[in-house]
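Here's the structure, in structure tokens; my notes come after.
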Amino acid sequence: MEKQSFSDGLFSPLGIKRVIFMLVLLTTSFISCSNSDEKGGSLEVAQEYRNLEFDARGSRQTIQIDGPAEWHISTSESWCKSSHTIGEGKQYVNITVEANDTQKERTATVTVSASGAPDIIINVKQSLYSVPAYDEYIAPDNTGMRDLTSMQLSALMKAGVNVGNTFEAVIVGNDGSLSGDETCWGNPTPNKVLFEGIKAAGFDVVRIPVAYSHQFEDAATYKIKSAWMDKVEAAVKAALDAGLYVIINIHWEGGWLNHPVDANKEALDERLEAMWKQIALRFRDYDDRLLFAGTNEVNNDDANGAQPTEENYRVQNGFNQVFVNTVRATGGRNHYRHLIVQAYNTDVAKAVAHFTMPLDIVQNRIFLECHYYDPYDFTIMPNDENFKSQWGAAFAGGDVSATGQEGDIEATLSSLNVFINNNVPVIIGEYGPTLRDQLTGEALENHLKSRNDYIEYVVKTCVKNKLVPLYWDAGYTEKLFDRTTGQPHNAASIAAIMKGLN
């Protein structure tokens, strides 16, 4: 082998030049590859996400994008939105569509793009809003259905009272079975003179909570006994004849609706529809002074104290849509009837944060219902717990709650202006403090004053915020009216309500 001199080797001038050239070449190649990795490469959206279908109510679906260092998303229509406009690598993205009130199917596209990769198109389709087709449907009939929006109607309603613990009373057996009738909790059957007394005292509205599940003729089909419907209708007619607006609902009924999760949704929707179809048909011919309210305080009995999930809210909002669809599908005056839908657990804060307005085939004929029972330890905490007996500035420093005082009432009820300002009227379907009649002497005297101060303040704040307050009268010792004679039983509390109205 020929011996190579040191001057001809790696460290010779020529060798050094060669090394530098190779380093430059390698660096250029590395940069080129890096840029290729950043700007191009694979962009993937699984086929299962390429075609998204939504119902008319609007909702959200989640897709997964697996891309290079940077990718972009755009949507073709304003009603279809993406949670991201830009991202990198593998990420989940929410595609949300608004409710479709256009009365026709609509489509949009979502485009996912990245430099150096072909665009991926996701097709979005949303169905039109429609109601069920019932054989019992009749053409819309506006006889007795004034040309009033629900907001305009709410201004005529002013204030009302519940005839509680009566038609919604049920006895729950150890096996979960339901029985009983309107008298099983100790109140008499409502009569004509009761409703006349309510009207004479200055009230405009009566809410009649009703249960039906304990009166099924056929539990498999949810067929309600005609005799029970007759009783409810007799009370409704008596209240209307007295000149009152009347609200009927499906109340607690043992809590069968209180499992709002997707796994139960189909069965619960089916039962709710079957029951409301019968109720709507029975009361279809009444004028617009009769309002239907879909449910009551729907929550999740299986939550064990945990906060509601997005699934809970969505399914409960869906109950409202089933109710509206079912009533409208019966036609006649129900086509125009004013309907009342509920926030989750009828809670004000949850209404503001999570309520979704149901779609409707008529405009501006829906109320929202919330209840107000703050502070809990003053209003409805059981008598055998550490309740508070006093309320308000007059008793500051006394046996009052830390929350739920005047400022809190103002803040909570005024938050409902988000609906009022958008022409969605709000009914406070229940409010009122428990009467702690086990107290005596000065303690009872201060408690009674606190109750009436509270009642007046809630009503006054409702009026200020254009809300319709309905006092919860459960009968018994705290009732406003004698259920048999219709005469005032608690004149001071009635006076507090009327003072709050003025």
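Just so you know, glycine gets a Cβ as well, placed from its N, Cα and C.
Annotated signal peptide per Swiss-Prot: 1-32, in sequence order, evidence recorded as sequence analysis.
Taken from Swiss-Prot, the feature S-diacylglycerol cysteine covers C33, and the record attributes it to a curator's inference.
Sequence annotations record features per position, and here Swiss-Prot assigns N-palmitoyl cysteine to C33.
According to DSSP, the secondary structure content of the domain 'BACON' (67-127) in residues is 0 helix, 37 strand, 24 coil. Feature annotation from Swiss-Prot assigns domain 'BACON' to 67-127.
Summarising the annotation, Swiss-Prot assigns substrate binding site to N165, V172, H251, N296, W472. Cβ neighbour count for W472 (substrate binding site) (all protein chains, 10 Å cutoff from its Cβ): 24.
Sequence-distant neighbours of E297 (active site, proton donor) (same chain, 6+ apart, CB under 8 A from its CB) are W252, Q342, N345, T346, H371. Swiss-Prot lists E297 with the feature active site, proton donor, giving similarity to another entry as the kind of evidence.
All protein chains shown were included, and the count of other CB atoms within 10 Å of the CB of E430 (active site, nucleophile) stands at 24. In the three-state DSSP scheme, E430 (active site, nucleophile) falls into the strand class. The annotation active site, nucleophile is assigned in Swiss-Prot to E430 on the grounds of a curator's inference.
For H251 (substrate binding site), applying a Cβ distance below 8 Å and a minimum sequence separation of six or more within one chain yields E168, P209, V210, A211, N296. Secondary structure at V172 (substrate binding site), taken from DSSP and collapsed to helix, strand or coil, is strand.
When the alpha carbons of W472 (substrate binding site) and E430 (active site, nucleophile) are compared, the span between them is 5 angstrom. Looking at E430 (active site, nucleophile) and N165 (substrate binding site), their Cα atoms lie 13 Å from each other. Neighbours of V172 (substrate binding site), defined as other CB atoms within 10 A of its CB across all chains, total 15. Within its own chain, N165 (substrate binding site) has W185, G186, N187, A474, G475, Y476 as residues 6 or more apart in sequence whose C-beta sits under 8 angstroms from its own.
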